[in-house]
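Have a look at the structure below before the remarks.
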Ligand SMILES: CC(C)C[C@H](NC(=O)[C@@H](N)Cc1ccccc1)C(=O)O
């Protein structure tokens with residue numbers, strides 16, 4: 001940095017106003033971060049539902065696009081960092097990319113207004129292509145904005161502190177993390193409620209425009225707050241294309257090392273020292289600092305691989321558990337809010353009690369040690385998850401393997417039946433009853449015999465890996481097979497279906513179509529709690545209510561005396577018992593992973609800032625965020641490839657991998673020496689001032705290069 005520029009920065013630093021030892025400007029930065037994270041997590045909370053129920057995409061497409069979006073959000077930080085450090089500076093980069101971000105959020109909110117294409121006013125959009133195009137454009141802008149500003153905001157916050165404020169600087173990163181989690185917690189609670197409202201001009205629909213509109217508004221507020229602090233910030237100027245210089249310098253050092261590979265040349269301390277002939281000592285020293293930290297980052301994605309499974313595997317685990325807490329009922333996906341809640345309590349506890357206590361005990365709990373311990377906490381969290389999974393497995397139905405098939409028999413006939421099943425004792429099935437449980441067969445083709453007059457023999461071809469029910473209607477000869485669900489219903493819901501034993505067609509609330517006599521409906525999913533079904537044949541009707549738990553499946557048998565008993569004679573067959581392991585059992589694993597997050601993530605944020613040279617702070621923040629992107633990509637790959645037969649075994653495998661990685665990391669950390677980049681930079685600048693030869697050497701080399709180039713040109717002519 002030219003001296004005049006450095007003086008300018010120093011002068012500006014002196015002027016910063018303080019409150020309780022902190023620069024006042026950071027108030028604007030933390031409020032900005034709170035609003036931005038509210039905007040990001042709020043939008044993310046309803047995104048999959050928007051894909052699924054507004055754009056009507058299937059589950060697979062909706063989740064793939066969602067994950068691709070999240071991965072993009074953690075890849076774009078590198079772009080933002082390059083723009084900030086090489087071209088616009090952090091302040092302008094944050095402003096410009098926040099505008100892109102806010103526009104993206106507005107476009108996204110507009111794409112959810114069904115009225116814009118609902119010409120026939122039937123409540124569904126007429127032109128899905130327009131809605132898809134708008135939402136994809138919105139998401140790309142959001143990813144560019146949120147990812148682009150992410151490394152700049154943290155580093156810009158750090159820039160506000162002066163040398164004597166190093167204690168406050170560490171507290172700043174903790175407060176910054178608290179704001180992230182306060183914003184995300186509030187928005188993940190609020191936006192789903194907004195979505196559940198009904199709104200619209202012509203027809204009332206789920207209010208996605210409000211659910212996306214509020215995050216858009218918060219992003220605008222975030223930008224306004226950031227601009228409001230404009231006069232108070234310490235703004236470090238960018239120093240030209242620093243990334244270009246870094247790449248050229250590394251390339252030159254590698255080439256030069258290769259050209260001088262013979263033993264006759266004296267060895268140099270570091271391979272980057274081979275760039276000394278052409279590049280400034282300061283730049284070489286800065287690159288060494290960055291490379292040292294980036295090398296240390298190599299094992300880190302494994303932490304995020306485990307951490308990010310909170311949102312996928314752990315939420316799926318919660319769908320096989322019960323969330324009835326007496327006074328309130330927690331849905332499986334709401335369990336994730338435990339993470340930000342714990343962050344809000346654990347960060348102050350760690351900062352105020354645990355870390356000072358460790359220091360008082362005379363232990364040196366250095367940042368890299370904290371990060372290693374953080375990793376071990378995350379590994380223990382997965383062991384806890386495996387133990388919970390084992391408990392759940394004990395309560396799960398015995399689903400068929402891919403080579404087995406399962407069968408249940410439901411008797412809607414007016415008399416009991418004796419069914420002879422291959423390699424089983426004959427089954428006695430009462431009228432309006434079913435066989436006690438599913439019978440498992442290794443073979444696909446089976447023959448059943450029924451004691452009716454005349455006796456019926458039925459050949460069945462079962463589906464491998466499936467569960468089926470054989471429905472014997474009032475006229476047994478017309479028996480038929482119906483396929484059953486073979487896994488727990490999604491999102492902790494309950495799967496219900498009806499077999500119509502009434503003599504006429506029936507309309508039942510929640511079912512897609514009316515049910516013919518003897519017909520069995522498809523499954524319909526109902527949420528936990530009291531659910532009411534109205535049954536009508538067009539003339540008579542009755543109501544049937546039942547309280548549901550989580551993750552059960554029932555077949556309801558409708559008898560011929562339905563209306564005379566006012567629906568009370570409806571019989572239920574439990575195909576899958578409700579979940580019995582309580583979601584509270586997940587709290588220990590959330591506690592462990594969040595403790596790990598506080599030690600690993602908050603410390604990593606501070607470490608990335610403190611070990612970066614002044615002109616590469618955003619680049620190192622981006623490198624730090626990239627470890628998260630790589631971790632997410634590993635989750636996607638492992639989810640596709642490594643399907644272990646038992647979920648608990650997969651959790652143990654991940655925990656073991658992270659323990660192995662943390663051992664490697666601790667060895668790497670042992671050899672890492674903490675530096676004060678500002679001190680090193682100042683020392684080199686001082687040395688350069690007292691080394692008049694250096695400038696001359698560089699000029700000679702440049703002239704030699706120019707001459708060489710001219711020679712080459714002339715020989716070409
Ligand atoms: C982990 C990210 C790289 C950093 C940070 N995230 C968090 O702090 C999470 N604890 C937030 C969260 C909120 C709701 C549900 C799960 C996680 C960030 O977003 O910057």
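Along the chain as shown, the residues are counted starting at 1.
Keep in mind that glycine also has a Cβ here, set from the backbone N, Cα and C atoms.
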**Fill in**
Per TrEMBL, the transmembrane segment among 585-606, 651-672, 673-694 spans residues 651-672
**Complete:** Between the transmembrane segment (61-82) and the stretches 20-41, 128-149, 210-233, 289-307, 619-639, the largest tally of CB pairs under 8 Å belongs to 619-639
**Complete:** For the transmembrane segment (210-233), out of 20-41, 94-116, 128-149, 289-307, 651-672, most C-beta pairs under 8 A are with 20-41
**Fill in**
Highest Cβ pair tally under 8 Å against the transmembrane segment (289-307), stretches 128-149, 169-190, 370-390, 619-639, lands on 619-639
**Stretch-level contact, the transmembrane segment (651-672) and the transmembrane segment (370-390), CB cutoff 8 A, at least 3 pairs** = yes
**Asked** Hey, would you say the transmembrane segment (128-149) packs against the transmembrane segment (94-116), going by three or more CB pairs under 8 A that are 6+ residues apart?
**Response** yes
**Selected stretch (most C-beta pairs under 8 A with the transmembrane segment (169-190)) from 20-41, 94-116, 370-390, 619-639** = 20-41
